[in-house]
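Undergrad: Right, I'll just put the structure down here and ask away after.
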Ligand SMILES: *Cc1c(COP(=O)(O)O)cnc(C)c1O
């Protein structure tokens, strides 16, 4: 039996309506920016496998580091024990995170990193003797699929069946120059009417919301209001972290820094799952007490797994290397040139870019999960390019190691699509 057939027997895929889409494509090998399927066909991974494999698939430097670590220490309980890879990773993260971040808490996926951030914020107020129960989030944000993270997310296909079970969340629109005053008014009204504990947001780029981008100044004003009201701010950098916006973290573009930052995805470069929630000294200090009750009672069995830590350290080393930094600049410039070429195309409605993230909206009628979306996806795959359109939005978020030829092939396949769509 083929892999496709065997897959169908027992596997339940995420985000998949199996009745309409029974087949999943088996990938048997990956290298650099390339994926290979079970028939030997190759695809350029234009989205770095959901923004994880930024230094290239099966990066040999990371493999070497993992190999070393696997022979030394595989796993150890992280309550009451510690190890060098976690310590070293905390040091390396603090070096590249915004200056106000001091403490590193480990978990194992992006949703959970946000869940931890939300729980930290709620317990911060609880520990200070304040009853605060409301979270503020953007209308169309995405923070993950666990209950707290899902409650804060605003995309309805994900949330529909669960809305009755959500934690308390009040939503505001993502700010732009036209709605900014209205957003600030709504924010103030929520702060006056509810006991607001935290504000969670994706800084500058909302990935699942079709790569929606917004300006740092508007976000900064919201963060200032939050700070003035002792509302804990949580930057969800799960997607934007580790160089994608052109700086290590998107929060660097915003003057006011968040109290808490969640990260995952590129943290472990596509090798193994891991996540981190960082916070300020002030947050951490609110959990210090003579009673155990004020401690943060949250753990995952694989918290700070040493092998995952060794991957993350190697990833950060690569991110800081001259070669990767140069590649990031080359990709940014190359996206800009592509943009000049296509932004006035009659089938292109709008385009946007932040760092290596480039997105365009097609000027055609279609549903986010409609038939057309799959036709566009097929066009790319048949041409050996792996891009996953978000409705009418086509975006590129390539691994930093992508070659000029590979990038050109992605661009050309998009240009061809514009001719046939
Ligand atoms: C992917 C993503 C998440 C969820 O991370 P998982 O590892 O899939 O749980 C949360 N927030 C943002 C911004 C993401 O892009």
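Quick reminder: no glycine exception, Cβ is built from N, Cα and C everywhere.
Per TrEMBL, substrate binding site is recorded for 50, 265, 388. Summarising the annotation, TrEMBL assigns pyridoxal 5'-phosphate binding site to 110, 111, 236, 300, 301. The annotation N6-(pyridoxal phosphate)lysine is assigned in TrEMBL to 265.
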Undergrad: Are there any residues in the same chain, six or more apart in sequence, whose C-beta is under 8 angstroms from the C-beta of residue 265 (substrate binding site), and if so which?
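TA: Counting only residues 6 or more apart in sequence, the Cβ neighbours of residue 265 (substrate binding site) under 8 Å are 50, 51, 52, 110, 238, 239, 241, 242.
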Undergrad: If you skip the near sequence neighbours and keep only those at least six away, which residues in the chain come within under 8 angstroms of residue 300 (pyridoxal 5'-phosphate binding site), Cβ to Cβ?
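TA: The list for residue 300 (pyridoxal 5'-phosphate binding site) reads 106, 107, 108, 112, given in order along the sequence.
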Undergrad: For the substrate site (50, 265, 388), what does the 8 A shell look like? I mean other same-chain residues with CB within 8 A of the CB centroid.
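TA: Nearby residues not in the site list: 47, 48, 49, 51, 52, 207, 239, 397.
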Undergrad: Looking only at 110, 111, 236, 300, 301, which the record lists for pyridoxal 5'-phosphate, tell me the maximum pairwise CA distance in angstrom.
TA: 23
Undergrad: Do you know which of the binding-site residues 110, 111, 236, 300, 388 end up with C-beta under 6 Å from ligand 1?
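TA: Near ligand 1, sequence order: 110, 111, 236.
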Undergrad: If I take the alpha carbons of residue 388 (substrate binding site) and residue 301 (pyridoxal 5'-phosphate binding site), what is the distance between them in whole Å?
TA: 33
Undergrad: Using Cβ atoms only, which residues of the same chain lie under 8 Å from residue 301 (pyridoxal 5'-phosphate binding site) while being at least 6 residues apart in sequence?
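TA: In sequence order there is nothing to list, since no residue at least 6 apart has its Cβ under 8 Å from residue 301 (pyridoxal 5'-phosphate binding site).
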Undergrad: Just report the maximum Cα pair distance in Å for the recorded substrate binders 50, 265, 388, no decimals.
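TA: The span, Cα to Cα at its widest, is 17 Å.
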Undergrad: Long-range neighbours only, meaning 6 or more apart in sequence with Cβ under 8 Å: which ones does residue 111 (pyridoxal 5'-phosphate binding site) have?
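TA: The answer is 143, 144, 145, 146, 149, 150.
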Undergrad: Neighbour count, 10 Å Cβ-Cβ cut-off, for residue 50 (substrate binding site): what number do you get?
TA: 15
Undergrad: By the DSSP assignment reduced to helix, strand and coil, which category contains residue 236 (pyridoxal 5'-phosphate binding site)?
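TA: It is in a strand.
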